[in-house]
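Enquirer: My structure is below; once you've seen it, I'll send some questions.
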Amino acid sequence: MNKGGKFSTYEGILFVTITIVSKILYTSTPAVVKQAGTAAWYSTLISCAAAILQYWLMCKLIDRFQGKDLVEVTELVLGKFIGKIMGVLLSGYVVYYAATNLREFLEMIKAFNLPSTPPSVIMITFISVCVLIAYKGLETIVRISYVNFFVIITALIIILLLAIPYYDIDYIKPYFGYGFTKTLSLGFLRSSAYEEVTLLLMINRSLHNSDYKKIGIVSLILSGIIFSISLLCYLMAYGYDMGRENFSGIFQLSRIIYYNRYIQRVESIFLFAWVISSLLTVSTAFYTSVRVYCQSFEISDHKPILAPFAMIMYALTLQPKNVSELMDINLLVVRQYSMLLTFVFPILVLLIAVIFRKKGIDSNV
C-alpha cells in the first residue's frame, strides 16, 4: 500500500506537530505535574531531548535503506517472518493508541460537556468521521492538519494569555520538584509522549523529498516548546497541590478565566480546538494502523480493511472499566512505556543492521 498521497516538508512539520501536541488538551498536563511535581515544565524538555536523540538514531536506520519505510526496513533486516510479526504488533499498538485517545476524549466530553449523551453515540459518531477521513487517505489528513494547525495553536495561545492574571511565579517552586535525578529519569521515560514522530518513518515514502529527519526534529522542538510553556502556565495558575488533582489541565485553566460578564466561559474556544485536534490525532493513528497492516501483508487497497479496524477500535475503546483504569493502565502504557516498541525496538534493528552490515543497494551510508 504505497499510494497514500504526497505532502511537503512544511505541511509535514505542521502535521506531526499538531499530532504530538494534541495531548496537552487531554489529561496529560495534571499527570505530568503529579509525576514530576513543580519540575514538570522542564521535565518535558528532557523528554523532548531524549525523543530527538532516539529519532535521530531511527533516521540513521532509514538512511541505510533509501526509499524504504520503517516496516519494509524491519523485514529486510530481520527477515520476512519476524518483520511481518513486528508489523502486526506495531499495527495493533497504533490502533490501541487510537482507542486510548478516543476513550480519553470520551471521558472528558462526558464529564464536562455531554453528560447525558450515551457513550455509544459519541463513539460511533467519532469513529465514523475517522473512517471517512482515513478513507480519503493520508494526503487529506495532512491537508486538514495544515489548515487547522493555526486555529488550534491560536486557541491555545488565547487561553494562556487570558489566564495571565491568575499566574503566580512562586507556584513553580521548588524548582527541582522531587529531585533532579528523578526528574531526569522520568523525563527519559516520558519521551513516549513524543512517539507520534515515529509515524513519519512509516509514511516517509509519501514525502515529496526525503526530509523526514528535518520534519521530525523541527516538529519535536516545536512540540517541546509548546508543552513546556503550557505546563509552566498551568503550574503558575494552579500550583502543585491543585494542579495534580485536576482532570484536564488546559480545560480547567480555560474555565477559571473571568474578566467581566462579556469575557468569560472561554472554554468554548478550547472545546472547538480540542474536538478538531482529537479527530486529527485519532484519524492519523487509525489510518497508520491500517496502512502498516496492509504493508505487512502486501494488501494494495486499504479501504476494505477500514470497517474491521473500526470495530476493533470500538472494542478497545470500551476495554477500560472506568476512568481510573484508563489513566493508571492505558495512558501509562501509551505515554510512558510504549517507547520500548516505538523508539527502542527500531534502534535495536539499527544495531543489528550495523553488526551484520545490512544496508540498501542505493544507500550511501
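The backbone N, Cα and C atoms fix where each Cβ goes, glycine too.
Remember, predicted model here, so these are calculated numbers, not experimental data.
As annotated in TrEMBL:
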- 12-33: transmembrane segment (TRANSMEM)
- 39-57: transmembrane segment (TRANSMEM)
- 77-99: transmembrane segment (TRANSMEM)
- 119-135: transmembrane segment (TRANSMEM)
- 147-167: transmembrane segment (TRANSMEM)
- 215-237: transmembrane segment (TRANSMEM)
- 269-290: transmembrane segment (TRANSMEM)
- 337-356: transmembrane segment (TRANSMEM)
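What's the neighbourhood like for these features in this structure?
Expert: Cβ atoms under 8 Å from those of the transmembrane segment (39-57) belong to residues 32-33, 172, 175-178, 180, 183-184, 186-188, 190-191, 193-195, 197-198, 213, 216-217, 220-221, 223-224, 227-228, 231-232, 235, 339, 343-344, 346-347, 350 of the same chain, restricted to positions at least 6 beyond its ends.
With a threshold of 8 Å between CB atoms, the same-chain residues lying at least 6 positions outside the transmembrane segment (269-290) that come near it are 15, 18-19, 21-23, 25, 91-92, 94-95, 97-98, 101-102, 105, 108, 113, 126, 129-131, 133-134, 137-138, 141, 144-145, 148, 151-152, 155-156, 158-159, 196, 199, 202-203, 250-251, 254, 302, 305-306, 309-310, 313.
Within the chain, the transmembrane segment (337-356) has long-range Cβ neighbours (under 8 A, six or more residues past its boundaries) at 51, 54-55, 57-58, 60-61, 64, 70, 73-74, 77-78, 86, 89-90, 93, 97, 189, 191-192, 195, 198, 201.
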Enquirer: Between 12-33, 77-99, 215-237, who has the most Cβ pairs under 8 Å to the transmembrane segment (147-167)?
Expert: 215-237
Enquirer: If I count Cβ-Cβ pairs under 8 A between the transmembrane segment (12-33) and each of 77-99, 119-135, 215-237, which range comes out on top?
Expert: 215-237
